[in-house]
Amino acid sequence: MNNWKRIVVKVGTSSITDGRGSPSGEKILSLVKECVKLIRADKELVLVSSGAIASGREIIQKLSKRKDLPAKQALSAVGQVRLMQYYSQLFSIFKQPIAQILLTAEDLRDRKRYINISQTFETLLEEKIIPIVNENDTVAVEEIKIGDNDTLSAKVACAINADLLVILSDVEGLYSEDPNISSNALLITDVYEIDESIEKIAGPGKGTGGMFTKVQAAKIVTEAGIPMILARADVENILERIVLKKEKVGTFFYPSEKHLNKRKHWMLFMAKPEGRIYIDDGAKDALLKRGKSLLPVGIKKVEGEFTRGDTVSIFDLRGEEIARGITNYDSLELDKIKGKNTEEIRNILGEDFYEEVIHRNNLVLTNRGDL
């Protein structure tokens, strides 16, 4: 284990609320003490905290029974203020400054905003300020929702080049089976690769806080070369034991040996594909087996509307996504030159054109096992 300097810690709602679902001052104080301990040990810390909606229910009880989106967003708007009051009051006891950052998926999909957010985090961390992060539920309609704070914490960890992501939960780690159902369930202490067997253990269904989202979070960070630890939140001094004492706790997800550079990682996990390009088997082999750029001649079909510089998905003729990349052509241009060779393209577009639709430096394979 390395000497981790920059750590992202994610806590779920159950880790900071009481049995009635209301924010627990005792639990939050315990978390605050742990965070301060890390800062005083010269660590840099980002805290991704759920609990806004639960905090809102405490204040506006008549909305708490409604399940519609506007009610949830109203609860989040009220609850986020209440949650930050808890954190502000308790961190102030230790004279520890904090900041609030609310994000949507759109903030991370847009490359310029992504870089700007990274720089904001950088400045806060340099000043020993703890950013407290949550999804901006009040404005996050379905199209721009990140969806869960496990995923959010993983994307934040990648954006700031963290050394470690710690997800604190109500379970000790990843088990071989559901420990609530099977007495034969065993704690998996080490995960070296997130393959189909690990994803199967995590279960189906893309819930907003279950084991599936935690394993997907691990997949995001490990592909960026960042390890992740999944551990139980209510274990005494859990962060000190993990970060400072380097104790073996919970499940440790090891970083991928062939992890992606930051740009390609952003393309695969952050950017939203604006269209689809379908390619023939020859072009597929060139991408997967020979590491080549994508040329117009291998393209069979173009779907969607996109402009130069957008991220697009690349599919084979069987409908399987094989890669993503940044296109040199917009969808109208590409539709004109698909399947054409260089001379034919010159006759269509003139002398000013790109030989590659997507250069290999701007292309990343979606199935990392193909690398």
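Going from the start of the chain as shown, residues are counted 1 onward.
Glycine too: its Cβ is placed from the backbone N, Cα and C atoms.
Marked as ATP binding site by Swiss-Prot on the basis of sequence analysis: LYS10, SER169, ASP170, THR208, GLY209, GLY210, MET211, PHE212, THR213, LYS214.
DSSP assigns SER50 (substrate binding site) to coil in the three-state reduction, placing it in neither a helix nor a strand. For SER50, ASP137, ASN149, the entry in Swiss-Prot reads substrate binding site, with the evidence type sequence analysis.
Mean model confidence for the domain 'PUA' (274-352) is a pLDDT of 95. Summarising the annotation, Swiss-Prot assigns domain 'PUA' to 274-352.
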(request) Find the longest CA to CA distance in the recorded substrate-binding set SER50, ASP137, ASN149; express it in Å as a whole number. (result) 11
(request) Please classify the secondary structure at ASP137 (substrate binding site) using three-state DSSP. (result) coil
(request) For the recorded substrate site formed by SER50, ASP137, ASN149, name the remaining residues of the chain with Cβ within 8 Å of the site's Cβ center, in chain order. (result) THR13, SER49, GLY51, ALA52, ILE53, ASN134, GLU135, ASP148, LEU152
(message) Restricting to the binding-site residues LYS10, ASP170, MET211, which ones have a CA within 10 Å of the CA of ASN149 (substrate binding site)?
(response) LYS10
